[in-house]
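Now, the feature entries from TrEMBL:
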type	residues	note
COMPBIAS	24-48	compositional bias 'Basic and acidic residues'
REGION	19-63	region 'Disordered'
TRANSMEM	308-326	transmembrane segment
TRANSMEM	346-366	transmembrane segment
TRANSMEM	409-434	transmembrane segment
TRANSMEM	455-480	transmembrane segment
TRANSMEM	519-536	transmembrane segment
TRANSMEM	604-626	transmembrane segment
TRANSMEM	638-658	transmembrane segment
Amino acid sequence: MHEKHWYLVLSRSHDCFGGEGASEDEKMYEDKAKQSSDEGGPKQEGKNMRQIPVDNGNDNAAAASFEPHSIQPVDAVLSSYSGYTLTFKSSYDGVYDVLQPAPTAPVEMLSIFKENPPSCVENITELCPELYSSAYLCSNPFNVTISRPDCYCVMLLGNACPGLCLEGRQPDDYLGWTVPMCDDGSAFANSAAFGNVSVFANISKSSSINGTFIARVKEYNATWKELWPNYKNTSETAYLNDKNESETAYLNHKNASETAYLSIIPWKWSLEPQNIAQTGWTTNITVWTPNTTVWTTNSTCPSVKRKLLIFAIPNAITFGSSIILANRKFAQFVTCTLGGRKGSQSWASMAILGVLLDLIATYINARYVKKQPGYEDVIIGKLFMLWTARPRLGWPVVVWALFFDTTDYISAAIALPLTEVILQIIGVVYIGWAADVGRRHGYSSLQKSPHKSDARMMCAGAIVALLGLGFALSWAFIIYTPVGRKLIENFQRTARFFTQCFDSIGRFILAPVRTTHDFVIPLFFVIWGLGLRLYYYPAWVLSKLVPGWSREKPALRPISNAWRMKRSARTTGTELMTKTEREALTQEEAIVQMGFSENIPRRLAYHAMLLIVPYLGQWLLWVGFVTLSQDHYCPPKLSYLTAVWSVFSCISVFLSAAV
């Protein structure tokens, strides 16, 4: 019968210290067993059990029995079977567990002793190869009789590797990992522990390893007692130096960030409470840093939304109420017909009065803010000029003049846009300063500044407001000044002249081209004229023959508008005195009486469209500025400020129609 033989080669790890070779119990063992082919080969137990066939031979082994052992796969053959349990059947009975090979990477290997070692231990293979070899020995549990962390701590007594982990915060990280694992640093410097080397006499199952280790512990006994304080002092010094450098760099960066932030605020003053104790407010302004783009504040200062509502609410109230307040008939009702006269020439005075009312309201609010606790240092003049650049919404009353009776809203539609233009001219100083931020920093470079979107919005709004104000001011010059009206009339006259020239040239070129309608249309008018005459003459004859055929004509000429429309002069004072409300001036007469041409409603509509541009620009400017300033712009008593602006704006709209 043919016999098949199986061999199992077992190997122990070699000495990591002395290199003196393996002891007798670490030599290779050769087990041979034979089994007849009738039995079906070697017995295999368990799901993950494998057998290693190596060669055929004679069964010369003595009978014996072994207890289960653990082996380390140090050769190529057994390494492929790591993680399995080998159960073999031979003259020797036993079970051997093949362990996973210990990791060789320093970080992975040291993780066996304690999790998360610092990354700086990667250099242990170069700086301390002996400590690395000792640590590798401790990582295999069957090589030592004590726990693996204790084994590694004992190895540190022989070689502390003082050159390891000395850069930056590495000493702190390495000590934070090592010291808790090995109790504390004082244990290493305890001479009693070093003197009692018998405590470590049996750390390994190999007597040669124990002897070598004890000798080296004695060798490093005196050295380590001096080495540990130096190492500790070096680590602490490196940590403190790194901490000081980090704090200095942070403070420098914080100051630079705050300087960069303050440099993009157009004006070098703020509206915030100075005496926190009196106001009861707490402000905590967090300066922008590269790693955080969100500013955090701990303050009772009003939110950005509430700060902007002090402009939005008066605008909404003014525009909504203007449909009633700007009506001439409503003014007549309130003043008992003393105001609201059609064709009033006081529009210029009302525009100036509207400017004064707005400036008075702004001054009252600025004065009120200065009287609040903590705001005593506020300069009224600067705050007053800043608020003159706020967005206003009284001028869109022109819309009502287009959709409703023009004569009822024409006075307010002429006065309020002029008021807005004058106020924007007054507030152009702060608008220009906001636009100058983009010039000083470079508009594209604001993309890299703190609060970049807010800064860019503020600069863009200021530029749009300035451009829109330029167009609106030019159009106001055309509407409200005699020189401007004369220029536009000359321009229109020149345009008509060129239009007539082109028409004449066109008729000359198209003269040879005659069509049927060139004769049909004149013929139609001739026939129509003859028909009218055929009706007129019979009617005239009947009026002579039949009494009462025609109505009696009045002896005096009636007061009508037909004859007056042919005159270039204004209506005389006598004629105005003789007119009743039923016979009031027409729309054209009222406009001419005010000193404008008949097409003033259309020009006012163009002016209103131009005023939309600076209005939107001012909103962009204020949204960007308020968001950018955060607690540096913190007006108190917002309800009071809103009420004052709302009341004075409504009064201005009413007076523009009443006087």
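Don't overthink the numbers, they just go from 1 along the chain as shown.
Glycine residues also receive a Cβ, built from the backbone N, Cα and C atoms like all the rest.
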Self-check item: Other parts of the chain folded back onto the transmembrane segment (604-626), taken as Cβ under 8 Å at six or more residues beyond its ends
Solution: 265-266, 304, 307-308, 311, 389-393, 395-396, 398-399, 401-402, 413-414, 417, 420-421, 424, 431, 434, 454-469, 471-472, 475-476, 479, 633
Quiz item: Hey, which of 346-366, 455-480, 638-658 has the most Cβ-Cβ pairs under 8 Å against the transmembrane segment (308-326)?
Solution: 638-658
Self-check item: Other parts of the chain folded back onto the transmembrane segment (346-366), taken as Cβ under 8 Å at six or more residues beyond its ends
Solution: 378, 380, 383-384, 387-388, 392, 394, 411, 414-416, 418-419, 422-423, 426, 480, 594, 640-641, 644-645, 647-649, 651-652, 655-656, 659
Practice problem: Take the transmembrane segment (638-658) and find every residue of the same chain, 6 or more past its ends, with a Cβ under 8 Å from one of its Cβ atoms. | Solution: 302, 306-307, 309-311, 313-314, 317-318, 321-322, 325-328, 330-331, 334-335, 339-340, 347, 350-351, 353-354, 357-358, 360-362, 364-365, 368-369, 392, 394, 397, 409, 411-412, 415-416, 419
